[in-house]
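Database features (Swiss-Prot):
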BINDING   ASP9, ASP10, SER40, ASN92  divalent metal cation binding site
Amino acid sequence: MMHILVSNDDGYQAPGILALAEALSEMARVTVVAPERDRSGASNSLTLDYPLRVHGTGPHRYRVEGTPTDCVHLAITGLLSEEPDMVVSGINAGANMGDDVLYSGTVAAATEGRFLGLPAIAISLNAFEPRHLATAARVAQLIVQRLSRDPLPSDTILNINVPDLPWHEVQGWEATRLGRRHRAEPVVRDEDPRGRAIYWIGPPGSEEDAGPGTDFYAVRNGYVSVTPIQVDLTRYTALDQVAGWVSGLGRPAEEGH
């Protein structure tokens, strides 16, 4: 039977990860290794300056005093006696579309699985207070079934965003690219009880590139967005221009001391 590692960034008690683990347990052996608290926005950060503590919360269930990336790294490289066959991260409360993927701990957990050589999926539901986790859980089951039967190229991470709708209202599936947001809103300044300035990170920018073909457009129109992403961030279309730009910087070895 397939063995799936489940993680997230909302914490081990979040409704989304509980729904995901339950759904995938119907088709695979599931091990959950997740942060002990909400680590949304942790991105791909690894904890390097202090040891990680792990606490068992039930059979094949662990909470980690660390980031989502810590959880997956720890699970695959030392915690588990048997390496899983796949990593599934989610179900996140709130979409991870466009630029969101650079900050998302949900996507980061999947990315770490891909770094370590495993098929990886990140699943998010387009609502901060989800009403239809069952829809996203069913999406997870179908995607896992399909991926196990028909693997994708080894450098591919699937970023799945699901509209917060009853299953019978979902319009279908769309392969999409990442959209883009406008610049983030300003930070919010406040004061602590002693009158010292404190700051809250402001909300993300509104949708900018959100037309047909994007993840934003698909979810807005009731479709499940399936975006293949990868770790390589190189902008290949700019390489020739940058090569010419760099050539104008000179050659230090020919300039002497």
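Note: Cβ is positioned from N, Cα and C throughout, glycine not excepted.
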Per DSSP, three-state class assigned to ASN92 (divalent metal cation binding site): strand
Binding-site residues compared (SER40, ASN92) - highest count of Cβ atoms within 10 Å: ASN92
Among ASP9, ASP10, the most crowded of the binding-site residues [Cβ within 10 Å]: ASP9
Listed in sequence order, residues not in ASP9, ASP10, SER40, ASN92 with Cβ within 8 Å of the centre of the divalent metal cation site Cβ atoms: ASN8, GLY11, ALA14, GLY16, ASP38, ARG39, PRO68, ALA93, GLY94, SER104, GLY105, THR106
